[in-house]
Every structure is written in structure tokens, then in C-alpha cells.
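Peer 1: Below you'll find the structure I mean.
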Ligand code: AMP
């Protein structure tokens with residue numbers, strides 16, 4: 001019988017990759033907390049209506065990439081392909097009465113039925129943030145600044161740039177779209193099938209075209225800036241001014257657009273300028289009309305961003321950032337006798353309680369076999385306890401880096417090793433610092 005393999009386009013995350021993922025989550029969480037964001041997790045499944053109302057039926061996500069599920073009562077559900085609509089749904093259900101605006105971040109798995117390839121998976125993780133309820137250009141700038149701070153903290157500062165643009169309001173866009181359609185009306189013979197489809201169904205996306213012929217034509221196309229109202233221009237100018245105050249370098253790119261109706265004003269994208277890839281790592285957007293499109297009676301201003309964790313992890317791994325391995329075994333106990341095993345077992349526990357990463361060799365195979373294992377797991381020190389050592393309450397301590405060996409009394413062993421390993425490599429965590437004990441309220445009998 002064949003053993004079932006993992007589902008195409010999905011991956012197991014373990015070992016070094018998992019360590020990078022943890023690092024990225026830690027850096028992001030720290031940056032978000034510094035900026036007053038708290039974490040939100042939304043369900044993986046939502047009713048299909050939510051996604052249909054929030055994302056046009058015509059987009060690739062809805063037409064091809066959705067993971068749909070029919071539950072046992074024949075309800076159509078969809079696995080989260082992006083988080084913004086999920087969070088807006090949750091906001092309307094839970095947070096309307098909270099102090100506004102609300103600041104939420106998420107680190108969540110997402111699902112899209114795409115053709116799997118490098119950096120494109122069917123299950124992937126996004127890290128993102130949303131600020132809901134306020135329309136203020138400083139928030140757009142602040143989100144871009146947070147994103148940049150995350151990249152700075154993981155030492156990718158020189159390889160990325162942020163591209164920004166304004167796509168104003170949907171009304172202004174409508175007028176521009178008409179002008180764009182008129183411009184291309186007698187140039188359709190120069191467009192490929194993809195761009196023709198875009199022109200028909202979602203004309204702004206033609207500005208995103210990768211086709212060099214279309215890009216050439218676009219140089220002569222009407223410019224969006226000619227269709228803007230004063231307020232929209234002022235909003236965009238303010239975002240740029242705040243970015244300058246916050247010290248964020250940006251590049252303006254008027255071809256940067258997003259097709260959906262509810263997007264407005266600022267859009268931005270983080271792109272790799274190091275030459276490693278053409279793909280964007282993530283992008284951000286203002287979406288003041290989303291609440292209305294999913295059925296809320298009024299518009300609710302909001303701004304957010306999302307980046308792909310896997311893409312970023314693979315960038316970090318390919319760049320010069322090498323993570324310390326905190327799971328390395330600092331002290332490995334080899335025991336050559338049942339009595340020795342009984343002696344080293346509590347020592348192993350005590351080592352862990354002193355935040356020294358230690359492990360005990362199992363069973364009692366030969367010294368050679370146990371030593372081989374110690375080598376294989378890259379143990380930093382090995383404490384060998386044989387019959388004589390057990391009787392004299394000592395061990396032979398081997399430094400696996402220098403190859404030297406010395407006899408050490410068991411009562412001194414842990415402190416001795418702790419002084420030799422890097423103090424900052426000890427894995428400190430004290431759960432007691434994370435809670436307070438609350439006295440139960442006594443009720444009168
Ligand atoms: P999107 O909502 O498609 O713009 O995605 C936002 C970010 O998520 C992208 O810039 C990618 O970094 C990441 N992303 C999107 N789709 C995938 C995927 N299939 N696999 C891995 N990362 C993805």
C-alpha cells in the first residue's frame with residue numbers, strides 16, 4: 001500500500017526553515033507591539049459570500065484559486081486566501097464599540113489553489129496588519145514605516161525599496177478608466193491576450209502589464225494625476241511628507257495599481273532591488289469601502305499590509321543572515337552502566353532547569369556508539385559516566401571543539417559547563433514572569 005504523500009503545493013516546515021520562521025515571527029511581533037498592535041487570529045473557514053463580496057468574481061483568487069469546501073449541511077465555505085476581508089468581518093462583529101481606531105496584526109496560514117512553483121505555494125503564511133476606523137495619511141505612512149523597520153531589523157535594509165502610488169477614490173478612478181479605455185480603443189492590435197482581457201475586465205490592471213510593448217504604449221497613456229480632486233492630491237502629498245519625516249525612502253510608481261473597487265488612496269509594494277527576484281514581498285493598501293462592499297451600512301476607513309512569510313524567509317536564508325541555532329545540545333550525557341544512568345538522569349533535569357540545553361543518551365550501548373551520536377548531533381560538551389566515575393561521583397568531561405578531556409566532580413559539573421558555554425546561549429525563559437496569581441474571590445458562606 002502506498003503511503004500518502006503531502007498535498008501538492010504544501011510544505012512541512014521544520015529544522016532550519018522553522019527557526020527562520022520563528023525569528024521572523026518574533027521580529028514582527030516585537031515591531032507590532034512597539035507600535036500598539038495586538039494580535040488577531042481569524043478562522044480558516046468563512047462563508048463563501050464574504051470572499052465573493054469582497055473580491056470581484058473576476059479576479060484570479062475567486063475564479064480559480066479558491067479552496068472551496070462543502071460542509072455536511074451543504075454550505076459552501078472557503079479557506080482563507082487573504083486576511084483583510086476576514087478581519088473586517090471580525091471588526092464589524094466584535095470591535096465597533098471599542099476605542100477607535102483598532103490596531104491588529106496577524107500571522108496566519110493562507111490557502112490558494114495556484115500552480116505550485118518557487119515562492120508560490122498552496123498553503124503559505126502571511127504576516128500583516130490592519131488599522132481600522134480612521135482616515136489619516138499618517139497611518140498609511142506609519143504602516144510603511146513598520147514594514148521597513150521589520151526589514152531593517154532582519155538586515156535586509158539595503159536590498160528592498162518601497163514603491164508607492166495613489167489610486168484615489170473609486171469615483172475618480174472611474175473617470176480615469178474611461179480615458180484609459182479610449183486611449184487603447186484603437187491600439188488593441190498591439191495588446192496580447194492577457195492585456196486584452198485586462199482591458200475588458202479590469203482596465204487599471206493594464207498598468208501592471210509585464211509586456212514590454214504595452215509598457216511602451218503606457219508611456220503615452222493618460223496620467224492618473226490629471227483626474228484627481230484636490231483632497232486626494234493632498235492626502236497623497238501628506239503620506240509622502242510623513243514618510244520623509246519618518247526617514248523612509250520610497251520610489252513613486254504610477255503603474256502600481258490594485259483593481260478592486262474598495263481600494264483607495266495609498267498603495268505600496270516592497271520590491272527586491274538586490275536582483276534575487278522580481279517578485280514583490282508584500283504590499284499595502286487603503287480600503288475605505290470594503291466594509292460597505294461586504295454589507296455594512298456605512299464605509300469604514302481602513303489601511304493594511306501583508307507580506308509573504310515564506311518569500312521573506314527564503315530571502316533571509318539566501319542573504320547573509322545566519323541564525324544562531326538555539327537547539328544545539330550544550331551538554332550530552334553518556335552513561336555506561338544502569339547505576340550511572342540513575343545518577344545522570346536528575347543531573348540532566350537540573351541542567352535544563354538551569355537553562356543549559358542538555359540531553360541524556362538512551363539505553364546503554366557501547367561508548368563508541370554513544371560518542372558517535374554525540375558527534376552527529378554536534379554536542380558542545382560530553383559528560384561520560386562509567387562504572388568508576390559513578391562510584392567516585394565524577395565524570396570525564398570532553399570538550400568536543402578542542403578535543404580535550406578533564407575529570408570533573410558531578411556536583412560542579414553544571415556550573416563548570418555554564419561558565420564555558422556562551423552565557424547568552426542559555427535558553428532563558430521563566431513562565432512565572434508571564435503571569436500573576438490572582439487570589440480567588442471568597443464568597444460569604
Ligand atoms: P497578495 O495578496 O497576492 O498580493 O499576496 C501578498 C504577499 O503574500 C505576496 O507579496 C507574497 O509575498 C505572498 N504570497 C502570495 N501568494 C503566495 C503563494 N501562493 N505562496 C507564497 N507566498 C505568497
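A Cβ is built for glycine as well, from the same backbone N, Cα and C atoms used for every other residue.
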Peer 1: For the L-histidine site, TrEMBL lists 82, 83, 84, 126, 130, 258, 262, 263; sort out which one of 39, 75, 112, 115 goes with them.
Peer 2: 112
Peer 1: Over the domain 'Aminoacyl-transfer RNA synthetases class-II family profile' (1-346), what does the predicted model average in pLDDT?
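Peer 2: Reported value for the domain 'Aminoacyl-transfer RNA synthetases class-II family profile' (1-346) is a mean pLDDT of 90.
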Peer 1: Identify which of the following binding-site residues, namely 84, 258, 263, place a Cβ less than 6 Å away from any atom of ligand 1, and list them by sequence position.
Peer 2: none
Peer 1: Sort residue 126 (L-histidine binding site) into helix, strand or coil using the DSSP assignment.
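Peer 2: DSSP assigns residue 126 (L-histidine binding site) to strand.
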Peer 1: Are there any residues in the same chain, six or more apart in sequence, whose C-beta is under 8 angstroms from the C-beta of residue 126 (L-histidine binding site), and if so which?
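Peer 2: Long-range Cβ contacts: 82, 83, 106, 107, 108, 110, 282, 306, 307, 308, 309.
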